[in-house]
Amino acid sequence: MSAPTKPHSPTFKPEPHSAANEPKHPAARPKHVALQQLTGAQAVIRSLEELGVDVIFGIPGGAVLPVYDPLFDSKKLRHVLVRHEQGAGHAASGYAHVTGRVGVCMATSGPGATNLVTPLADAQMDSIPVVAITGQVGRGLIGTDAFQEADISGITMPITKHNFLVRSGDDIPRVLAEAFHIAASGRPGAVLVDIPKDVLQGQCTFSWPPRMELPGYKPNTKPHSRQVREAAKLIAAARKPVLYVGGGVIRGEATEQLRELAELTGIPVVTTLMARGAFPDSHRQNLGMPGMHGTVAAVAALQRSDLLIALGTRFDDRVTGKLDSFAPEAKVIHADIDPAEIGKNRHADVPIVGDVKAVITELIAMLRHHHIPGTIEMADWWAYLNGVRKTYPLSYGPQSDGSLSPEYVIEKLGEIAGPDAVFVAGVGQHQMWAAQFIRYEKPRSWLNSGGLGTMGFAIPAAMGAKIALPGTEVWAIDGDGCFQMTNQELATCAVEGIPVKVALINNGNLGMVRQWQSLFYAERYSQTDLATHSHRIPDFVKLAEALGCVGLRCEREEDVVDVINQARAINDCPVVIDFIVGADAQVWPMVAAGTSNDEIQAARGIRPLFDDITEGHA
């Protein structure tokens with residue numbers, strides 16, 4: 001373990017703003033502002049202030065520069081000057097992840113706006129409320145291939161929940177209020193607001209609150225009672241039910257209701273990658289995460305179930321495996337606020353469209369009214385599942401070459417930082433190990449890019465989470481591949497006084513790609529060696545120091561606990577720990593892409609035969 005080299009203290013450390021006491025949907029504030037004549041840019045800033053925004057992540061540029069002038073005078077808005085627009089988008093997403101409030105990012109036209117495409121697609125796929133404000137060339141230049149012109153509305157139409165091109169300054173308050181409402185209501189998502197430069201520079205009439213005009217947008221939040229009653233009947237008749245829980249339970253603030261339903265009925269629970277923390281890992285009914293790298297018990301529960309109670313989940317291919325062999329004997333209750341998700345991948349015997357908290361609350365009342373909980377017979381089912389859980393627990397062994405095990409590092413980090421910390425992962429092996437070996441007890445304590453699988457997500461998302469929760473310990477768990485995509489945002493953290501901590505799982509490779517090459521391409525390791533082991537290029541400790549962080553390195557198991565505690569003791573600047581781990585470590589269990597969940601391997605060459613586990617039930 002190398003000794004830390006502490007960089008000079010940053011010269012500028014603004015106090016972080018806390019979002020703890022802000023309303024989740026501040027657009028509903030009753031405050032009225034009389035008519036005023038402002039520039040369009042001033043109207044943007046005033047609207048954001050009235051909407052309760054406290055932080056914006058962005059970079060100025062020509063087309064959006066008019067907004068930055070009144071921003072300079074705002075006493076309510078903190079602006080975080082990121083080093084790349086992708087960082088702004090992911091930081092806004094991280095902020096929204098942990099608070100449930102809308103995250104805001106801002107960029108100029110052309111390349112500034114196009115650099116937001118990936119984070120907007122990421123937020124949309126994972127149902128994260130984000131509003132991006134982009135400058136655009138003047139209205140008279142649109143369509144002329146003007147300098148830094150890009151049709152960002154057209155580009156982002158397929159990857160956002162909605163987007164706007166503002167054509168009149170008078171529309172700015174209404175459009176921004178609508179954007180926030182759309183982003184945060186129903187199924188949350190990403191919204192883009194594109195504003196031409198001449199609209200920002202021109203005069204407009206400002207008043208607040210504006211009258212929103214969204215006649216075609218009415219999310220159905222109240223579930224149909226008849227459907228809930230039918231769901232209760234299926235639950236009463238089931239003998240092998242499973243609560244299949246997705247990220248919508250967290251987005252819908254329904255985790256307490258989920259626990260009440262689970263404990264009332266005694267039904268086993270599986271939580272998808274996006275739902276880790278929705279149900280406590282310490283709870284005896286929690287079977288863990290299902291899917292490609294899920295627990296054998298969770299996968300077995302879905303495959304052998306006779307009833308799936310799917311709550312706020314979308315039957316993603318990484319959970320279902322080969323769809324026509326997924327849960328072949330199960331009937332399906334599918335509750336989701338987005339009607340487009342119901343029946344999209346799996347037929348629902350009882351579809352329920354509505355807010356998941358309302359669905360669960362009404363379902364609990366229905367079950368109690370009909371005295372159903374005491375009639376569900378699941379002794380054999382639980383005996384079977386406990387047998388699977390006992391036979392195939394999540395585990396890992398030492399590396400054959402004696403190198404540091406990444407699973408050990410992540411497991412120890414989770415134990416030491418504890419359930420009150422927030423963990424943010426990039427994408428790849430380290431993401432899966434963090435999902436598997438850290439025990440999540442609370443919602444919004446686990447952030448990752450689940451749907452889009454965006455490398456480079458962790459550092460900027462952790463930055464956004466730390467700004468939202470300045471009193472919470474925030475760890476970015478990143479791989480050496482992901483880290484090299486967005487590590488420049490550590491300079492932002494150092495300058496802005498955002499003391500995130502980074503556990504860098506450095507295996508010298510694009511680890512997940514290398515694992516697939518090992519399993520499916522005869523160990524032909526084409527273009528996956530990053531040279532971060534063989535040449536130490538870059539030297540991550542030196543890089544961390546150059547970015548204004550403390551840099552640490554750990555290569556031995558006996559040093560892991562000490563170096564984590566050393567990092568935890570540093571709270572005035574960011575810290576990066578370069579964990580040198582084995583290059584050949586692999587993520588298990590695994591269901592190969594495109595195959596049936598029945599073909600899960602607990603470890604390489606070890607395939608559980610679910611029907612042979614006969615402790616009480618086959």
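Each position is counted from 1, following the chain as shown.
Including glycine, each Cβ sits where the backbone N, Cα and C put it.
Features reported for this protein in Swiss-Prot:
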type	residues	note
REGION	1-30	region 'Disordered'
BINDING	Glu85	thiamine diphosphate binding site
BINDING	Arg187, 293-314, 336-355	FAD binding site
REGION	429-509	region 'Thiamine pyrophosphate binding'
BINDING	Asp480, Asn507	Mg(2+) binding site
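Where Swiss-Prot records a feature, it is marked here on the structure.
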| residue | record | Cβ contacts under 8 Å, 6 or more apart |
| --- | --- | --- |
| Glu85 | thiamine diphosphate binding site | Gly58, Ile59, Cys105, Ala107, Gly112, Ala113, Asn115, Leu116 |
| Arg187 | FAD binding site | Ser127, Lys161, Pro219, Gly248, Arg251, Asp336, Ile337, Asp338 |
| Ala298 | FAD binding site | Val270, Leu287, Gly288, Met289, Pro290, Gly291 |
| Arg304 | FAD binding site | Lys240, Glu329, Tyr384, Phe610 |
| Ala310 | FAD binding site | Tyr244, Gly246, Val332, Ile333, His334, Ala335, Asp336, Ala348 |
| Asp349 | FAD binding site | Leu234, Lys331, Val332, Ile333 |
| Asp355 | FAD binding site | Thr221, Lys222, Pro223, Gly252, Ile337 |
| Asp480 | Mg(2+) binding site | Leu504, Ile505, Asn506, Asn507, Gly508, Asn509, Leu530, Thr532, Phe540 |
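Counting residue by residue with DSSP, the region 'Thiamine pyrophosphate binding' (429-509) contains 35 helix, 15 strand, 31 coil. DSSP classifies Ala310 (FAD binding site) as strand under the three-state reduction. Secondary structure at the residue listed as 'thiamine diphosphate binding site', as computed by DSSP, is helix.
Neighbours of Gly343 (FAD binding site), defined as other CB atoms within 10 A of its CB across all chains, total 13. Ile337 (FAD binding site) falls within neither a helix nor a strand when secondary structure is assigned with DSSP, and so counts as coil.
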